[in-house]
Amino acid sequence: MRQIAFLKMNGLGNDFVVLDGREPGPALSERDYRAVGDRRRGVGYDQFLTIEAPKNGGDAFMRIHNPDGSEAGACGNGTRCVADLVMAELGKDRIGLETVAGTLICERLDDGRVRVDMGPARLDAAEIPLAESVDTLNVEIPGNPYGPACCVNMGNPHAVIFVEDADAIPLSEIGPKLETSDIFPDRANIEFATVRGPEDIRMRVWERGAGITEACGSGACAVLVAAARRGLSGRKADVELDGGTLTIEWREDGHVLMTGPVALSFKGTLDLDTLT
Ligand SMILES: N[C@H](CCC[C@H](N)C(=O)O)C(=O)O
């Protein structure tokens, strides 16, 4: 019996299964990630987050999987959730959470929200990555009728497209087409955004390996950076997603700060071998 105990958490409805991998337990296969991620036959999640022992001087390491079994380099909303757990465990209000994309400084604020330094926005074509060495400020994606994308890597790849009304975009149709475009060798998370004011942006997201989610922290960071690069907003704004609002700031040193809430839904156990 390959039993696991997990926490079900979310950041603005972007939902996670959190496993403490520092405890002895079964190794999960790609099939296991897909089975647990099934919204009917499993638990269902947008990302599966595994806490591991730190490897590089941080307080813990977080590994990120999508429900299609692929591994991701960043998960902003998930970072807040895991950081909240680790800060409570250690009795600290500030920790370093290691990810494959670097160590992220996470702080709990007086109002209970968590602020994460998501690291530097990477803006070169090779860093996104893109298949062609083009200006990332205006990237033509074949089959995209909504105008050029501004591409940003926040530890994971994002393509941001600004439109008059993000709510009018047929996201479930256009999302998968753009996610898997040949211009993205590692695929990409796709964001449609409408700038309503210098500090007010509305966005929706089609996530790589997950589909439409209610929120995407790294995506909100990418949207703010893209809006500022295009001169559409300032370097700090409230970003409204389907599930709620995140405050994002692109610091002069290039790092991006993301602030938002954390929620625990329930605790559970499951036997991986009984999932079909
Ligand atoms: N929901 C996450 C993003 C997951 C990104 C993942 N879909 C990828 O493959 O990069 C967030 O809050 O940043």
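The backbone N, Cα and C atoms fix where each Cβ goes, glycine too.
Any TrEMBL annotation is an automated prediction that lacks curation.
Cross-referencing ASN56, ASN66 against the substrate binding annotation in TrEMBL, which names ASN14, GLN47, GLY76, ASN77, ASN156, ASN189, GLU207, ARG208, GLY217, SER218, picks out ASN66.
Summary: among the active-site residues (CYS75, CYS216), the fewest other C-beta atoms within 10 A of the C-beta are counted at CYS75. In this structure the C-alpha atoms belonging to ASN14 (substrate binding site) and CYS75 (active site) are separated by 10 Å.
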